[in-house]
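J.: What follows is a single structure, and I will ask about it in a moment.
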Amino acid sequence: MAASELYTKFARVWIPDPEEVWKSAELLKDYKPGDKVLLLHLEEGKDLEYRLDPKTKELPHLRNPDILVGENDLTALSYLHEPAVLHNLKVRFIDSKLIYTYCGIVLVAINPYEQLPIYGEDIINAYSGQNMGDMDPHIFAVAEEAYKQMARDERNQSIIVSGESGAGKTVSAKYAMRYFATVSGSASEANVEEKVLASNPIMESIGNAKTTRNDNSSRFGKYIEIGFDKRYRIIGANMRTYLLEKSRVVFQAEEERNYHIFYQLCASAKLPEFKMLRLGNANTFHYTKQGGSPVIEGIDDAKEMAHTRQACTLLGISESYQMGIFRILAGILHLGNVGFMSRDSDSCTIPPKHEPLSIFCDLMGVDYEEMCHWLCHRKLATAAETYIKPISKLQATNARDALAKHIYAKLFNWIVDHVNQALHAAVKQHSFIGVLDIYGFETFEINSFEQFCINYANEKLQQQFNMHVFKLEQEEYMKEQIPWTLIDFYDNQPCINLIESKLGILDLLDEECKMPKGTDDTWAQKLYNTHLNKCALFEKPRLSNKAFIIQHFADKVEYQCEGFLEKNKDTVFEEQIKVLKSSKFKMLPELFQDDEKTISPTSATSSGRTLLTRTPAKPTKGRPTQTAKEHKKTVGHQFRNSLHLLMETLNATTPHYVRCIKPNDCKLPFTFDEKRAVQQLRACGVLETIRISAAGFPSRWTYQEFFSRYRVLMKQKDVLSDRKQTCKNVLEKLIVDKDKYQFGKTKIFFRAGQVAYLEKLRADKLRAACIRIQKTIRGWLLRKKYVRKRKAAIIVQRYVRGYQARCYAKFLRRTRAATTIQKYWRMHIARRRYKVTRTATIVLQSYLRGYLARNRYRKILYDHKAVVIQKWVRGWLARTCYKRSMHAIIYLQCCFRRMMAKRELKKLKIEARSVERYKKLHIGMENKIMQLQRKVDEQNKDYKCLMEKLTNLEGIYNSETEKLRSDLERLQLSEEEAKIATGRVLSLQEEIAKLRKDLEQTRSEKKSIEERADRYKQETEQLVSNLKEENTLLKQEKETLNHLIVEQAKEMTETMEKKLVEETKQLELDLNDERLRYQNLLNEFSRLEERYDDLKEEMTLMVHVPKPGHKRTDSTHSSNESEYTFSSELAETEDIPLRTEEPSERKVPLDMSLFLKLQKRVTELEQEKQVMQDELDRKEEQVLRSRAKEEERPPIRGAELEYESLKRQELESENKKLKNELNELRKALSEKSAPEVTAPGAPAYRVLMEQLTSVSEELDVRKEEVLILRSQLVSQKEAIQPKDDKNTMTDSTILLEDVQKMKDKGEIAQAYIGLKETNRSPAMDCHELNEDGELWLVYEGLKQANRLLESQLQSQKRSHENEAEALRGEIQSLKEENNRQQQLLAQNLQLPPEARIEASLQHEITRLTNENLDLMEQLEKQDKTVRKLKKQLKVFAKKIGELEVGQMENISPGQIIDEPIRPVNIPRKEKDFQGMLEYKKEDEQKLVKNLILELKPRGVAVNLIPGLPAYILFMCVRHADYLNDDQKVRSLLTSTINSIKKVLKKRGDDFETVSFWLSNTCRFLHCLKQYSGEEGFMKHNTSRQNEHCLTNFDLAEYRQVLSDLAIQIYQQLVRVLENILQPMIVSGMLEHETIQGVSGVKPTGLRKRTSSIADEGTYTLDSILRQLNSFHSVMCQHGMDPELIKQVVKQTFYIVGAVTLNNLLLRKDMCSWSKGMQIRYNVSQLEEWLRDKNLMNSGAKETLEPLIQAAQLLQVKKKTDDDAEAICSMCNALTTAQIVKVLNLYTPVNEFEERVSVSFIRTIQMRLRDRKDSPQLLMDAKHIFPVTFPFNPSSLALETIQIPASLGLGFIARV
């Protein structure tokens, strides 16, 4: 198609504009060939007639469709020309805030002049490993491409960063270096990457300065080679510098500064170490005040100085050398203040004792007089003689400045040299990536030697760039087999020849410098004579003879010849240099030793490289005159050699280009100046790239992309199975001119403008389809609207007519009702008037009669109350007299009885002191007890009979009493009623008389009362109405207040609930943070441990040489395998006795966790010992105090204590008897070793049980006797002395002390109750008792006996219930055994005879083993019971012994009846399995090897029960615990942990292996908890499982170790998951088109883009789902805990969501409406997967919320303020930066979509400015949620586990 055909009506074009460079316009009519004028309509609303050039007739540039504007790659534009490039950059920079854009192979970077959050670690991680075209343009993408090509092609790379001052070259180079340092890391522990980055602050301080264009402008060029080893890790770096701007040291233009280091020194002058430099403010020095701008806004020079010093220290420059550098720099500043005074026109002098010069000489260590002399003189040497000549003031000033520049240049080179030495690689460099930060093309009003060299360098770089672009184009065409046609591109070799060839500009300049009287004018004349009119690129200005013009590739530049010779010579007086070389300051002469090896301030060796500024193009052999010749080389010659060497290096590498653009000269953020931008685009070669691309086939599509995009232009019959042939057929129909496209192997190549034409055809087709759809839909809507209106009209008519009829009927009804209402209303009025009159009369009568009745009632009541008062007063007087007499009588009786009791007490005391009395008491005590017991029984029976009789009598008495009382009350009521009736009759008669008198008065007052009643009625009605109104108001207020109270309560409740929820969430977050911090530390520790192991292995391989005869030990015993297994000197010294007994091969290192646990236990025991010692001391003090009190207390309880001592002696004798019996039992048990002897039913068992029963019964009888006797004694004493409170309290206190010494709790309780009952005061009816109080004593004794009998009955009941429960359990077990036997019998009947016998034998062995284990457990329980009884008896004997008085010899022990125990021979039964596995100590390594190291997870997971290795290991631990072998337990656990770590280290990238050992580690941890014996873990166990608990060791410390190991395995599992899923996520979630046809593919540029169509080998969403199914099935097969599976799934979904969202935020081509629909569909598929797996409650769905909201954000409407509000409320899981980024990146795929306006984005930012969220743009895809391991007990019985032969564990045996 002809290009002119595109110039139709409404087509948009670009026309030149002097202000905006290019302006957009729209055609008002079609263009026809031959038209000279185009009618255009400008965007600002004006019409314009654009005249075409009559000679060229060139039409204006066409504008690209809006859909192509804002593309990542400029070569993706259909129309490739300058205005399209400029507009695309402007839209991306201003509207989308995107500073990076591709232009083919070039990255265009525009300086935003503000900090952007796009350079963090998260962005680096996002770009790492990605293809260059897959992500949005970024400097990191270029760096990743270079790094990837270096590793893939094994070819060195270069990144060329160019641009003018202030464009951001230095920052771009810095970020590229940071990327390499972050991604690759260093190959050693010397942190080389940090040193590489640390070189930036140093070089910026000494080589950067503030200019009018840039606050941190690099005033030198540098090329940094970053070296890598074979594993592509940073090992070092090397730096080359170019053309330092030395003139800035002595001169700065207005608003500019000197190098930063000078101002940093002045800002730090007050530091103590800088006092000797004698510095001050920067305005006091000539070299720093000329620009008049010593301060940069926002920069603290003092802090920058600290950063510079820190960087020097990191690079190994010592403090002494740093101070030396600062001395030289300070000396330069003071040298600039040296002033000269003119003597005459040809000589000058320095003032005497000139302070600046004196300070300079002191700092430099040179002689003042000598330096003063040579600053004002110079030495001239001729062939015959040498003489000294004075110089003028101007010459002296220039010589001073030249010296300062020379010193600074030398110092600069010295610093660069030593930075290179610090960055020197210690190992051989395999490859490198060079980063070239060099000045761009410069043109100013006055251009001198520096601009000439800069532009010369850019000419060389542009030539290399053009050749590289041309080469890439050629390679692309040849690869696709496209016919190659020569493309004409600009070759700047003639310009280069003009500069550097023989008799070129540099050659003539060097020749003129060698002339004795050469000047700038003579050099200019030579240039004119040589090149003017001979070279088309060289011109002479019309009005100047001291300038020349060169036509560079970017523009014409006029250079002023003045100063060229001086700058090229770089002249410095040799005498001044000699003075400096003779300095006492050692560092200063070192700067001028060009050929001598400098002293390095670091420990690194020399890099072997010399600075390019001092390296010749062709080095010659060393000669004595080489130094002099090198010194005489001009600056131009040195620069040319350096540039040639640089070009050789670049040509030997693969270049990558970064072109930095300065958007404006005012340093305003995100402000775009079109003029300045176009100027730089022309100068940096971007437009040349565009021109080369446009000359060929710039637009390139794969066949699949073309088919997907332009499927709408094809008919169904055109679509073939072969996509390539389909595209060919369609293109031949659409584009007639075959020269406009070419078919390659995999792509279709289009010339410029053809894609726009195809887009126009596609848009027209879609527009026509839209019009047809709109026509149909609008017709349907209108028809639907008409039908709806017609139906509505009919309905309205029907309702109106019905309403009219209803209104007429209503009128008739109302008329009839009004008549009826009038009739009834009139009747109602008359009746109401009559009722009011009658009611008033009745009310008056009732009030009057009531008044009279109340008066009579008051009089009767008064008389009755007077009678009642008299009755009660007389009764009280009689009772008082009686009580007084009774009290006196009782008092006399008490006194008499007390006297008699005292006499009896004396007699008893005298009798008690005699020995005979004791004997009599002892002899008859048992008989008395029996008699008393019988007497008590008889009295108890009598008491019961009496109680029954008494109860019957009380019932009869109560019934009769109630009957009489009711009769009496009835009579009293009748009497009162009679009296009242009599009084009422009299009062009525009197009232009748009075009423007759008052009747007349009433009638007279009736009228007045009626009047008052009416008034009162009216007032009352008014008052009632007022009250009703007030009541209504109050009710309203009440309701309002209640509503407010309810709302406040609700708000308070909601507030409290919110606070509670927030606090709970905060606590959960804190807990998760702590858990995450701990797990991160654990992960870091694991990484360091692996690093340590690797280093140790390397050291072993490098250093260790095995000696002859040395036997290598198993690595399992290595002390550095784990942090939990290491040996120490202390442990070795403590274990010497044990180690001498064991062989050396069995030495096991000390387990640190057990050592810590034992140490902690020892500390606790010491504390308990100290507490017990303190308690014992306190008890002893109490005993001493109590004894002292007893000695002081009068012996008032002698008889009782003596009596009780007798009983204690008797009990002690019984205790001895019990001891002897227990000793016999112990002997019997020790003699019978076989467990069958003590089995239930055996003779020994029966004897044991009978004797224990007899002992317990005897003990209970003795307890009862003691309690009865004590209660009787105390009650007797209380009956004798009821009033002696003091003695009673004292006695009760002593009794309580005795009670406290009893061991049995029941005994203490019963005794205390008895004592409390006896201490009670007698009741009021004590007079009913007989005089001697025997009945009371009997009653109390019976109560005590009843309590004891009740307690015995309860204990017997409990024992009976326990026995019944045990019998039921045995019956149940027998039933189960019977069922099992029947099942086995049925199974055996089905087997052949041989197998039947074998099965029966196996069953019998199993049964006997189980019985044997049960008997052993019963024996252990009995042993525990015996030990407990022993302890109780010992304590009881000790307590009795403390109270013993000394009569043990008088008590004869009772006869002990021993039943002989004869051993019975019973056949031994086989034990049942106890769930333990026994292995030998020497088989431990074999066990670990077969069960862990060589185990294949797949076979175990498929064929065996889940977690089998964990169960086997725990059963082995149980057996070691059963044997009480702590060393075996520790060794096994340590070996297990180390072996698991080895397996994971060896096969840590295999998901099945990691999942398998995570599952088994958790199961092992759960087993340790389940069988630990702790109540919290045992409550889920069966009784059988509780019997399997560990008995000897507490493995809590090892549980923590296993928990940490499980955390490490979980983190490793997550890393494996991430590595497997990482390649699938972006392709499956973003790029794959799950819903076909929704999103169209946009045109792409030269950069390869990942197609959104799933090609062969690409991943889809189904790939992700299949992988998730695989993960889930593997974890389920391994028996992983369900809660842990949920956590793994949650982490997996977080990774999927984070990676997808991060890529979405970094890819502009993915931010569209259709892509949002694709993402939401993909997320729904993931949610469906969660539902299928029943994992919706795992929290995985919530992790996808940011991705879901981002997809919704792509689809919602984005225009109005309501839309902004909806977006802000909807996207609560996205940060503000993410929301703004998505809106900025939003790109329409079709013309019918609209872009997001800048104002809308600003509205969103304003609404979200108060939101407090993270400023981070990307999600942390490496984040791992803290993992927890909820306790999950196993229902599997350990004794049922079978060990398969496939595991090779035949050496272990089941126990």
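The backbone N, Cα and C atoms fix where each Cβ goes, glycine too.
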J.: Look up region 'Actin-binding' in TrEMBL and report which of 137-159, 643-665, 689-711, 896-918 it refers to.
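T.: Feature region 'Actin-binding' in TrEMBL: residues 643-665.
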J.: What parts of the chain pack near the region 'Actin-binding' (643-665), using Cβ distances under 8 Å and only residues at least 6 beyond its ends?
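T.: That would be 89, 93, 103, 105-113, 139, 142, 145-146, 149, 153, 155-169, 172, 176, 213, 223, 240, 242, 434, 436, 440, 456-457, 460-461, 464-465, 468, 612, 615, 617, 671-673, 676-677, 680-681, 684-686.
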J.: Counting every protein chain present, what is the number of Cβ atoms, excluding its own, within 10 Å of the Cβ of Ala167 (ATP binding site)?
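T.: The Cβ of Ala167 (ATP binding site) has 26 Cβ neighbours within 10 Å.
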J.: Can you list, in sequence order, the residues of the same chain other than Gly163, Glu164, Ser165, Gly166, Ala167, Gly168, Lys169, Thr170 whose CB lies within 8 Å of the CB centroid of the ATP site?
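T.: Surrounding the site, in chain order, are Asn111, Asn214, Ser217, Ser218, Gly440, Cys660, Lys662.
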J.: Give the residue counts of the region 'Actin-binding' (643-665) per reduced DSSP state, in the order helix, strand, coil.
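T.: Its residues divide into 9 helix, 8 strand, 6 coil.
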J.: Determine the most Cβ-crowded residue among the binding-site residues Ser165, Thr170, using a 10 Å radius around each Cβ and all protein chains in the structure.
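T.: In terms of Cβ crowding, the pick is Thr170.
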J.: With DSSP as the reference, give the number of residues of the domain 'Myosin N-terminal SH3-like' (8-60) in helix, strand and coil.
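T.: Secondary-structure composition of the domain 'Myosin N-terminal SH3-like' (8-60): 0 helix, 24 strand, 29 coil.
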J.: So what sits near Lys169 (ATP binding site) in its own chain, CB-to-CB under 8 Å and at least six residues off in sequence?
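T.: The answer is Val161, Ser162, Gly163, Ser218, Asp437, Ile438, Tyr439, Gly440, Cys660.
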J.: Taking every protein chain shown into account, which of the binding-site residues Gly163, Gly166, Gly168 has the largest tally of Cβ atoms within 10 Å of its Cβ?
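T.: Answer returned by the neighbour count: Gly163.
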J.: Please compute the mean pLDDT of the model over the domain 'Dilute' (1534-1810).
T.: 86
